[in-house]
Amino acid sequence: MQREYTYARGSRIFLFSFVALLAVIPMYTIYSMIVNGLPEPMVLTIIMVVGAIVLPVVLAIVFTNEGLSVIYTDNDGIRYKSFLYTRELLWSEVVGYRKDGNVVILVPGQKSKRKIQVSAYRSNYAELVRWADNRYRDLDRRHWDLDSHYRDRSSVKGTRVLDQGRLREAKHTAWTLNITATVLAALSFFLRHTVPWLPVLLIILLPVALMMVRRHRGFLIINTAKKEEILPDITWTTLCCTVGLFLFTMPVYTVGQVNLWIYTLIVEAALVGLTIFSIRDWEAKRSTKIVGVITYAFLLLIASYGMVVFINVFLDTRSAGLYQTTVVNKRISTGKSTSYYLEVWPWGPVRSSESISVVKSDYEETEINDLVNMELHRGALGLPWYRVTGIK
């Protein structure tokens, strides 16, 4: 069976568009370092270089390698060839195949050999699946009922014992995390002005929840799939942490969004890496894990933004500079909730007019051409930030 398997044009366009987006991150970072200089202390420079330059470049290389790779089959075996490496399996070395979402995996019998994966987005994929099904065992024909699998699972590899206790323990942990996160999120809403350190607890709780996922080894997961409702998850915990941190960012405005998002993406990458490490024992298809991580990453992105803003503000102990600017316009945004905005003239480091969210009472008391006080801080992470401190 002589065939060639390459990615379709549409798949390549999508893949390389994603690579192009990845390339923007290190370019922005390098540009920022050239224009603004290296951030201090030096540890921030190291974190920025690793998280915003090295990591995106490595990911871009990996995705480019996959997009340009070609898989060949002939009468002797199958070969995966890319500009980074070549992998080969003889047909006689293959003991079976496994389907994982949109990927078919040819599994060798020898541990020294590496399996070969063929994506459904490659040409001739369906023909390869039919051919493998006629010749080899489907290793996924061992599908187990999730309920019995997790009830019978033991932490000791190779043993199968009744373990309802571990499931109850995971549910108790999830309940404790959810209640704690709910209380902290509520307190962050009502006491964010009087107890400014509350977000510290939310920042700590988020990685703790992920480490609990790791501790329970597959009995506690990051989010619940339809077929896995038996398993508790930490979705509510993460959502509460995200909302609590986001509430803190609402009255804070940061000058220079590029650097802010660089730090945010670094924190996001660290949390996603911790997530992937934590779910190693989650017994689910790879496609389910990928969808779960991607969905979870959206929540983590908002939480990461809140973490960076909070750390930049909370650890900033230097004195602030005071500025005044003039209100040039007012507007109300209505939807599920009503928001009130004042548009002010450029001031200090802010070079363009901006709309600032205010409470209803300040909105009603302010008229066009009134003066507004701005309090400008340097920021603990070198990200200048400001907030409205008074209306004249």
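Placed from the backbone N, Cα and C atoms, the Cβ positions cover glycine too.
Bear in mind that the values here come from a model prediction, so they are computed numbers and not experimental data.
The transmembrane segment annotation in TrEMBL covers 12-31 (among others).
Feature annotation from TrEMBL assigns transmembrane segment to 43-63 (among others).
The feature transmembrane segment is assigned by TrEMBL to 174-191 (among others).
Residues or ranges marked as transmembrane segment by TrEMBL: 197-213 (among others).
Annotated transmembrane segment per TrEMBL: 234-254 (among others), in sequence order. Using a Cβ-Cβ cut-off under 8 Å and counting only residues 6 or more beyond its ends in the same chain, the transmembrane segment (234-254) has close neighbours at 174, 177-178, 180-182, 184-185, 188-189, 192, 198-199, 202-203, 205-206, 209-210, 212-213, 220-224, 260, 296, 299-300, 302-303, 305-307, 309-310, 312-313, 354, 356-357, 379, 383-388.
TrEMBL lists 260-279 (among others) with the feature transmembrane segment.
Per TrEMBL, transmembrane segment is recorded for 291-315 (among others).
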Query raised in the report: Taking the transmembrane segment (174-191) as the reference, which of 12-31, 197-213, 291-315 gives the largest number of Cβ pairs under 8 angstroms?
Result: 197-213
**Report entry** Surrounding residues of the transmembrane segment (260-279) on its own chain - C-beta under 8 Å, 6+ positions past either end
**Finding:** 25, 28-29, 32, 47-48, 51-52, 55, 206-207, 210-211, 213-214, 221-222, 254, 289, 292-293, 296-297, 300-301, 303-305, 307-309, 381, 383
